[in-house]
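Presented below is the structure to which this report refers.
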Amino acid sequence: MAGMSTHTRRRLTDAPFLAAATGATPSRRPVWFMRQAGRSLPEYRELRAGIGMLESCFDPELVCEITMQPIRRHGVDAAILFSDIVVPLKAAGIDLDIVAGVGPVVAAPVRSVADVRALPRLRPEEVGAVVEGVRLLVDALGQTPLIGFAGAPFTLASYLVEGGPSKHHERTKAMMYADPKTWHELLGVLTDITIAFLRAQLDAGVDAVQLFDSWAGALSPADYRAFVLPHSERVFTEIADAGVPRIHFGVGTGELLGAMGEAGADVVGVDWRVSLTEAARRVGPGKALQGNLDPAVLFAGPRAVEAHARRIAEEADRALALGAAGHIFNLGHGVLPDTDPGVLTALVELVHEL
């Protein structure tokens, strides 16, 4: 990237997460958790006290410390950069904030072609704080891989069009159906922003990336293919030259797994609504799977957690027999805020034995 030096990518000699993601045989079953750095950890709550979410995301030292917390506590096999999917939008100059108890709120929703054409682009220097956070982490993590991430164009579009979180995505779908030309222009802009954000992280040294399409489960397979897939596919194509594993995840996307696999990622994330065995059939051979414990199971006591973890490991082994390239144990969504962190630590130890 112009004006930014590229960090020499680390050589990690024993990284089970990277092995599973690339079709090699890991030394143990790798495990990490979406939202592992967050409100379930008392040390996180203490560190974030009085500091806004977006403010935290633009403080390199804070980003580094928060990202490291679950590595120290749980011994997971990968770190995921502490950030938020709207960070590149905020960095580019879009007026938005993350409101406690609500989520991202956009001051001026995007509703017309003029609104789309007025959207800013993301310049590398605008995410310099994130880049510095990545560099600090690369130095701090030792042999633990670092996953960078971004929100997928569709999910970012939904926030911009709706003005915030939405249950039914009615304004988003209305634009899709009534004005597909404007829709694709909007997603083109957001795809450029997503690529720029991921490229900045890759140039700074992340070892893998995950694209979060949080709201894609609101779409039918036909609509996903027509209105979303080409843009997500472009994201994965544009960053392929970095040579790191690319993960694709959405919530409620069981019916979309085949299409999501076609987008070009190396790993497809699976939520708890579809077994890993069935996911392997839908995604097809040659791609690793990630998931898929229901986060609510962590509230059900140690026997239930162990039973479900063993079931998932067995389903994953069947998925491997069907042609899946690997398995990375994870939840089917993020860690819930009231989760007992001790349960997560015990789960990591169990998964490493399975």
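Glycine residues also receive a Cβ, built from the backbone N, Cα and C atoms like all the rest.
Record features, source Swiss-Prot:
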type: BINDING; residues: ARG35, GLN36, ALA37, GLY38, ARG39, ASP84, TYR159, SER214, HIS333; note: substrate binding site
type: SITE; residues: ASP84; note: site 'Transition state stabilizer'
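All features noted in Swiss-Prot, drawn onto the structure.
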residue	record	Cβ contacts under 8 Å, 6 or more apart
ARG35	substrate binding site	GLY334, VAL335
ALA37	substrate binding site	TYR44, ILE66, THR67, GLN69, PRO70, ALA79, ILE80, PHE82
ARG39	substrate binding site	ARG45, PRO337
ASP84	site 'Transition state stabilizer'	MET53, LEU54, CYS57, ILE98, PRO104
TYR159	substrate binding site	VAL86, LEU89, LEU96, PRO104, VAL106, PRO165
HIS333	substrate binding site	MET34, VAL251, ASP271, TRP272, PRO295
Assigned element (helix, strand, coil) containing TYR159 (substrate binding site), judged by DSSP: helix
Secondary structure of ASP84 (site 'Transition state stabilizer') (DSSP, helix/strand/coil): coil
Conformational class of ARG35 (substrate binding site) under the three-state DSSP mapping: coil
